[in-house]
Every structure is written in C-alpha cells, then in structure tokens.
Amino acid sequence: MEKISVAVRFRPPTTAAPAADQSPSSTGGDREWRVDDDTRITLLHRSAPVPGASFAFDHVFDGAATNERIYGVLVRSLIRAAVDGFNGTAFAYGQTSSGKTFTMNGSADHPGIIPLAVRDVFDTAREVSDREFLIRVSYMEIYNEEINDLLTLGSEKLPIHESLERGVYVSGLREEIVNSAEQVFKLLELGEANRHFGETNMNVRSSRSHTIFRMVIESSAKNHMDSGDAIRVSVLNLVDLAGSERIAKTGAGGVRLKEGKHINKSLMILGNVINKLSENGKQRGHIPYRDSKLTRILQPALGGNAKTSIICTAAPEEIHVEETRGTLQFASRAKCVSNCAQVNEILTDAALLKRQKQEIEELRKKLQGSHSEVLEQVILKQRNDMHKSELERDRLAMELDEERRLRETLEHRLAEQQKMLDGISNTSISPDQFTDSIQFESLKTPTSKERPAEFVASRANYSKDVEFSPIPENLGTVADEDLWMQLNKGCVTDLEMLEMTPGFKCAPSLADDKASVATPDEEPIDARCQRLEKDCTADRQQLEDSKAWRAALEEERDTLKRENSSLLDALAKARQDADHLVADRLEALRELDMEKSRMDELKQEIKLFSQAFSLRQGQLTSLYTKSKAIVENCKTSQLALP
C-alpha cells in the first residue's frame, strides 16, 4: 500500500504586496496563512494570541516556487514509474483562479507539468536500452457531465465502459500513436483550441470543464528470443480540474451558472469519494465512484492500482480564506488515502512459468534464516540416503545378474558332462569282447586268406587241457610223413590246404588269459568317470551355493526397497511440513502487515484528533478573546454614559 502524495501551492498574491515577498503571510488583513518548514500551513489571527487551524502535507510551495521545481519534487517519480509499467495520475485541485491551469499547462516561458512530463517520458524511454516502446495519447474533457474528445472536432458524447481486460475506459476516444514530444505538443495545441473557457468576475479565462490528458505506454523486450519477458502497459493521467466557484463571487449567470453547478457537483462527489476512502476500512461504506463521470474515470487513481500525486492550489488573500480552508481540508483527507500500485503486465505462458519459478525461488530465500533450515538439512540428508540406497540397489542388481549368468554357465557345463557320461555308458564293451577282438587282429597275417562269411571256427575252452599226440621218443628213425601222421593220429592233410598261423602258447592258464585280455585303456576310463562324477558333485554344490547367495541378495534387495519406500515417505512428509511452514510464515507476515496498517490508521486518527483538538482550542480561545473584548467594550460604553 502507498499513500497518495499531496502538495499545496500558494499562488502569488494579486493584492498590492511587495514583489520581494511572495509568502502567503504577506497579504495583510486580520487572517493570514503561514508556511512552516515547507510542510505545514497554519492559519494566523493577528488579533488572537493563539494560532488557528494547522495542516501538514508532504510539500508546501509558496508563490516563488516554479513549475519546474514542483514537477521535480512531485511528478518526476511518477514518470519513471509509468515507464516501468505502473499507472500514474497527477491532478490539480483548488478554487477558481488559484493557478491550476498554469500549474498543469504553464506558459511559453514557464512550461507546466503536462509539457514537462511529455518530454520526460520520451527522454526516460530512450534511456531504457533493452526495451522498445509504443506510446499513444488521448485528450478529453468533461463539460456539463458530458465527455468530449478534444482531438476530434464536433465529436459526439462518449460513454464510459468497463471490462476485465481494459478496466474503466471511454469508448470511441481517439488515440494517436506518437514518436516525439513535438508531435504531442501539436496535439495539445489542438486540444486546447477545442476546450471550453469562459470569463467570470474572478478569472478572465476560466476553465469551464475538467480535462484529462492520457498517455498509454506499452513496452516489450527488444530481445524477442527472451519469451519469458512480459509486455508492460501503463496509463499516465494528467488532469486539470475546473475550480470550485461561489456564485456570489463569480457573478455567474445563464450558461456560466449551469457550468458552475456541474463543476461544483463533480468536485463535491470527488470530495465525497476522498472522504470515504480516508475513513477506516471497517467504517467505510459505499464509495460513490459512479455518481460522477470524473470520479468514474479517475477510479483507478483513487484507492486503486496507480501512483497518485495531487497538487492543491490555494489563494493567499484573506478574502479567500474559507475557500482555501476547504481546499486544505480536502488535501488532508486525500493524504490519508492509500493506493495499491503494481506493474501492469500481459503475461504469456512462458512469462508466467518464468514468473512462478522466480516466486518459488523468492519463497526459498524467505525460508532461509528460520528454523526451516533444519528441515532443509533433513530433506538433503534423506535425498543423499535415497541416492545411496539407489546405488546399492543397482550394485546388488548387477551382482544378481552376474550370479545368474554364472549359474547358467554351471548348469550348461553340468549338462554337457552328464551327456558325456551317458555316451560313455552306452558305448562300453565287455572284457571278453575286447579280448577276442584283440586276438582276432593279432591272428591276421600277410599271407592269410579272408574267411568266408559262413565259416565258423570254435576254440576249445581254456579250462580244459589241450589234447595232443604223444611225441615219439626216437625222432630220427621216423620219416617226415610218418612223423606227421603219428602226431596227427593217422590224419594226413594236404599241405597246400593249410594256412600259415602264428604260434600260440599252449595250454595257457585262466589267470594268464585274463591278464592277456586286459587292455591298457581300461584303467584311464574309470579314472575319468570318477573325475567327472567328482566334478558333477562339485558343480551341484556350487549351484546350491549360488542359489543360496541369490536368495540372500533378493532378500537384501527387498530390504533396500522397503528402506527406499520409507525414505520417500519421510521426504514427502518433510516437504509437506516445509509447505506448512511457508504457509504459516506467509500468514504471519500478512497478519503483521494488517497490524501495521491498523497502527498507521490509529496514528492517523490520533493525528486528526490532535488537529481537531487544536482547531477547537483555537476557536475557543478566539471566542474567549472576542467575548472578553465585547465585555470590555460594554464596560467602556457603560462608563462613557453620563
């Protein structure tokens, strides 16, 4: 919230006062206004020892103050704010012939607030190098409660509308896009030529209407790639109000009388609006913005979204003391009005997202320095623990996959060894078959003939003794054939039918036969079978161990999952607690702001009460002095009588 800035300007006196003394106290008469410290005005009674009413404002200017000084003190900050996106309003209020139009428009040698503001807007916009501006101007007057466009000749009466996008606006009002201050000055000359002026007893060129010069300032970032920036749209209102009039002083009649009635009516409604806005929030009733077109158009500047400055002009002469007192009372009430000014932006989706991120970052910064730092540390620790558990879970998963591959390899090796064992058992032969095959191979000779398929030879069992003919004792006396016949029991065989056969040991024993049947390869096969069986047993044991290790890893993985879930729950709870703390902190700050506002309102009420008490005390003192003077006069009159 921001208070309206209020200043009072006394014009130079029109009576025969010395030129070197332009203060309000130089006007002569029984009552005069005195300026103290450029912030306080006091009504002095020359015949009373106690001063009268006293008023305090942000600034008080005497007749020697120039338009440039008033602009620099009161309005220049509004121009900078308007360029930055804030709405701004400056208007002059006071009785007729008190210097309002001179303050706002000025002259060729002493430009007023409007031309100074126009030039300052363009100068300030040029200083902002990172934004580009589009400026539109309009000029309107409120004459007899009718709105006229001063930039269009013979324009029809314009209505007032309101919408969520534009707020309160005048429909059909002409807006000119301008690029320089000189272009604006030409439009101002056109508007002044179409404005209503008239002559009264108090002012030769009296304003008969309220005028509002409006500048709409739009700006956007020059870097169009920065989509996060918003478009700023601000409205600057520079208002020259017509002065309040007393018919007895102005001598108005006919058209001037009608104009004066409408002027006084709109100013009275403006005073009612200011009076309502200056009251306490709980006691404030309906604010009559709609009772006048002036207050309807100025609604954003009166208790709304705008920075507002009011220049109250006053006449220092004693003849205008009551009008000046009314002006100062209006200014005192206006000083109690607060506005809520904020930057006017049109946000795109990207700009809105950027703004929300900035607000989140600001909330994080606000949380620093409070006990929420503990929660931040807890959240950070839980995040680290969760990260460690995730790394451990990944490591266990990798080990589990490695164990699974190892188990598959062992199972494959075990299957291959089992197949080898099965093949060996299927292809094994008996010892007798093995011995016969060896003997058969050894019986073959180079001159031996192939036996026919139907030829079957049988050999006597080795368990029986081999039968043979007795060897003759005297071999020398026996012929060869006779010897052969004797050896073969009288059988004589054709020698050509015989085949060469190798020699055999005669009558081998069973033990020797078994020894001759045994092969050197039989023992390594048994040893190989035993080795393979041992390998299978070892592989089975290793497979069982791997299964047990896998079960342990899966159990550890489940435990880590449960711990991870509990950490996530704790993190969510901590975040929820942090959100609650943020909400509580914001609520406490809001309550603190409300208490500060109440304290300020209470201080203002005490101040107003003190002023009213001082005023009442001054009135009582003045009444006492007058009564005492009357009594003294009566006594003197009685003594003078014979």
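Cβ atoms are placed via backbone N, Cα and C, with glycine included.
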Range annotated as region 'Disordered' in Swiss-Prot, from 12-33, 276-297, 364-385:
12-33
Among Q95, S97, S98, the most crowded of the binding-site residues [Cβ within 10 Å]:
S98
Would you identify the secondary structure of G99 (ATP binding site) according to DSSP, in three states?
coil
Tell me, if you would, which residue among G94, G99 (binding-site residues) has the fewest other CB atoms within 10 Å in the structure shown?
G99
